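Please read the structure below before turning to the comments.
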Amino acid sequence: MKPTVWHHLRLCPHGHPDETIDDAAIAVDETGTIAWLGALSALPHGYAHWQREDLHGAWVTPGLVDCHTHLVYGGTRADEFAQRLAGVSYEEIARQGGGIVSTVRATRAADETTLFVQAAARLQPLLAEGVTAIEIKSGYGLDLASERKMLRVARQLGERFPVTVYTTFLGAHALPPEYAGRADEYIEEVCDRMLPTLADEGLVDAVDVFCERIGFSLAQTERVFEAATRRGLPVKLHAEQLSNAGGTALAARYRALSADHLEFLDEAGIEAMKAAGTVAVLLPGAYYFIRETQLPPIELLRKHGVPIALATDHNPGTSPLESLLLTLNMGCTLFRMTVPEVLQGVTRHAAAALGRADRHGALEVGRQADFAAWSVGSLAELAYWIGRPLCEQVVRGGTTVFRRMNG
């Protein structure tokens, strides 16, 4: 690529609307790295002959980060939607053999090509909203071959699309039918066979567990964390979504990257997260879709200074959401977060939730030039509009990978 100066833009380099530069410029060298950024009037003379790209006054933010998704799976769970509307709870559907296990059946039956095509269709709307990094979990295979298949598809998405994909092994997502009544044996399979094999194949960047009364116990979760730690892999946790099971405090003991959901999180868990540097990942899409009523403890998270990230939690059963911008709106309207909080929640804090704050979530000299240009008058509009296409252009590594067509 040619060295380029992107100019005539309003810059929000760290995802905070109170830290901006009007009439700014970003100089990107031939490697796709930011060489300089600041006010256009201060652009050094050495960049005068570089190629120019006019952004016509657009707001520019770091590329967005969707730090919690289940993007790869077979089928849908649209049939369960009517059950929910009739008052059947998520837990009851799961106990009847629906929920996660129904998606497991569809995922096991699908080949890699089918899973890739379906996941690609889910990914593309996110890319058109400025997402340049995304986490994708396994967890709908629940056997070695099927978990491998999911993680391979996630890696392929990162190779075929202009987005950085981080994979998370979520073998301990649910108990597969063939292990009914034998949860400890299944956890042994996860720890002793599945995780080591998939890690050795280079398919795992982090390890997650669903710690809930309809998922896995604290003791079982700790066994998975121990296995991940032995492999040198960071951990994260689905925690306190349906009850206060104490999973967050356990995750903090293992210095988890993040604890996610957190509707029933208590102050002791928050204090443990703060001490461990664990990010709180809130998932308003799931809260909305299954009509939860217990709000996550936003005020306590603020009080203790725990960084808060937001994510789509895209999945077929509780959050079939393909819009990180709608997630921002939900964070404000449902969780009563501020605009600065939600914007940092999908940039700087989301990157930290992946353990990649040094690579994503901010625009700084020496970093890869991943950014999004927005046709808005103020950054608050990113959380304000519902359904309006706001992203004009997405740049990844200094190359335009998306441009909205007008007319």
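We count from 1, first residue shown onward.
Every residue gets a Cβ built from N, Cα and C, even glycine.
The annotation Zn(2+) binding site is assigned in Swiss-Prot to H68, H70, H238, D313 on the grounds of sequence analysis. Taken from Swiss-Prot, the feature Fe(3+) binding site applies to H68, H70, H238, D313. Annotated 4-imidazolone-5-propanoate binding site per Swiss-Prot: R77, Y140, H173, Q241, T318, in sequence order. Per Swiss-Prot, the feature N-formimidoyl-L-glutamate binding site maps to Y140, N315, G317.
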Do you know offhand how many angstrom separate H70 (Zn(2+) binding site) and R77 (4-imidazolone-5-propanoate binding site) by C-alpha?
13
Using DSSP with the three-state reduction, classify H238 (Zn(2+) binding site) as helix, strand or coil.
strand
Other than H68, H70, H238, D313, which residues of the chain come within 8 Å of the Fe(3+) site, judged by Cβ distance to the Cβ centroid of those residues?
T69, K137, D260, H261, L283, A286, A311, H314, N315, S319
Non-site residues, in chain order, whose CB comes within 8 A of the mean position of the CB atoms of Y140, N315, G317 at N-formimidoyl-L-glutamate:
H70, Y73, R77, I100, T103, G139, P316, T318
Just jot down the residues in the same chain as R77 (4-imidazolone-5-propanoate binding site), at least 6 apart in sequence, with C-beta under 8 A of its C-beta; none if empty.
G98, G99, S102, T103, P316, G317, P320
Reduced to three states, what secondary structure does DSSP give N315 (N-formimidoyl-L-glutamate binding site)?
strand
Of these binding-site residues, H68, H70, H238, which scores lowest on Cβ atoms within 10 Å?
H70
Listed in sequence order, residues with CB under 8 A of N315 (N-formimidoyl-L-glutamate binding site) and six or more positions away:
T69, H70, Y73, A286
Quick one: Cα separation, H238 (Zn(2+) binding site) versus H173 (4-imidazolone-5-propanoate binding site), in Å?
9
Are there any residues in the same chain, six or more apart in sequence, whose C-beta is under 8 angstroms from the C-beta of D313 (Zn(2+) binding site), and if so which?
H68, T69, H70, D260, L283, G285, A286, S319, L321
Other CB atoms within 10 A, centred on H173 (4-imidazolone-5-propanoate binding site)
26
Which residues, sitting 6 or more apart from Q241 (4-imidazolone-5-propanoate binding site) on the same chain, put a CB under 8 Å from its CB?
E212, H261, L262, E263, F264, A286
Cβ neighbour count (10 Å, all chains) around G317 (N-formimidoyl-L-glutamate binding site) is 24
For T318 (4-imidazolone-5-propanoate binding site), which residues of its chain lie six or more apart in sequence with Cβ-Cβ distance below 8 Å?
Y90, G285, A286, F289, I290
